[in-house]
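Enquirer: One structure, as structure tokens, below. Some questions next.
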Amino acid sequence: MNKTLKLAKNLVSIDSITPQDKGCQSIMTNHLSHLNFKITDLKFGEVDNFWAIRGHQSPVFVFAGHTDVVPVGDELKWHISPFSAQVQDGMLHGRGTADMKGSLAAMLSATDRFVKDYPNHKGSIGYLITSDEEGPATDGTVKVAKYLKEINQIVDYCLVGEPSATNELGDVIKNGRRGSLNGILKIIGKQGHIAYPHLADNPIHLAISALNDLCNEVWDKGNEYFPATSFQISNIHSGTGVTNIIPGESDVVLNFRYSTQNTHKQLQSRVCVILNKHNFEYQITWEHSGYPFLTPKGKLVNACTNAIKTVKNINTQLSTSGGTSDGRFIALILKAQVVELGPLNATIHQVDECVSIQDLEDLSDIYYHVLKNILT
């Protein structure tokens, strides 16, 4: 059994449901300590984190990842027990194989190989690992990033092991992510008997035209790296459940996934301009859950795409699609270049999550060449 697979099996066999770690990080730090990494355990609240670094020079290349996994749901629906870490038909099965314990194992074996091949490599190698990525993400990477900023630890390049591939390993990497803005809109009408609409003011009717305008608005057209900003309605709720009452209020939950062509403040302002045209009373509260970030083509992107070309002989597509990730904290707090590169995302968060054993070995090889491209 090769080193990557052995490490992956050891990690996957631990039921580290978010925000629990249950010893995954000890496996990692034990491995790294033998490679002369300085380990700093950082526990915030109930969340386990660690920072590890080898070297004292720049550039500083950091691998960021998480040891927590999402719940398995109904375990009876799994064909193979989610924490048995079984291999079948060339696939390693289990919760977290793709998201993202396979990446952790691949980077550990790549680091081991790189340090042995280049013991006097330039720069420094760091690891930023948390058990709070799949949950609230309040005591994990964001706290570690703030700690690193406080101690003046520079991070030049950060590779995040999130599963980025869509059809084959290496076909897509993420060089940024869109921002996320949520709005909770309350449209205020007047409750009344449904047979006497002239004595009431139906907030659902008031909402329809305004929401249609919001849905049809062109917020921006995106740019070279980002698709156009997306506006979606996720929830609409109104009424008491009976058939003869016009409701007094209607609640609507909105979401923007926005590009660098807009700021969240600009989007908030434009929403209010549109709502104000409709002359009804409303209240709106906002929750900004993530800024957009972008790593343009440059040293880190080139190191990743060239490594993929070397190992897989394919041309990689850059993407900023998908949800938010911990990469945003590292990009925004530490001002680092950030790229997400990991295995296929086809089975993540699903029953029977799995990853190809060959892909794990190839991913380790890709990570090795990224290290080589940055630090030699």
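Placed from the backbone N, Cα and C atoms, the Cβ positions cover glycine too.
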Enquirer: Per Swiss-Prot, which of Asp41, Asp99, Asp139, Asp201 sits in the Zn(2+) 1 site along with His66, Glu162?
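Expert: Between Asp41, Asp99, Asp139, Asp201, Swiss-Prot records just one in the Zn(2+) 1 site with His66, Glu162, namely Asp99.
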Enquirer: Asp99, Glu134 bind Zn(2+) 2 according to Swiss-Prot; which of His349, His369 goes with them?
Expert: His349
Enquirer: List nothing but the one residue from Asp68, Glu134, Glu162 whose Cβ has the fewest other Cβ atoms within 10 Å; the candidates are the recorded positions.
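Expert: Checked Asp68, Glu134, Glu162; of these recorded positions, fewest Cβ neighbours within 10 Å: Glu134.
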Enquirer: Run through Glu133, Glu134, His349 for me and report the recorded positions whose CA is within 10 Å of the CA of His66 (Zn(2+) 1 binding site), in sequence order.
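Expert: Cα filter at 10 Å returns Glu133, Glu134.
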Enquirer: Rounded to an integer, what is the Cα-Cα distance in Å between His349 (Zn(2+) 2 binding site) and Asp99 (Zn(2+) 1 binding site)?
Expert: 8
Enquirer: Using Cα coordinates, what distance in whole Å links Glu133 (active site, proton acceptor) and Asp68 (active site)?
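Expert: That comes out at 7 Å between the alpha carbons.
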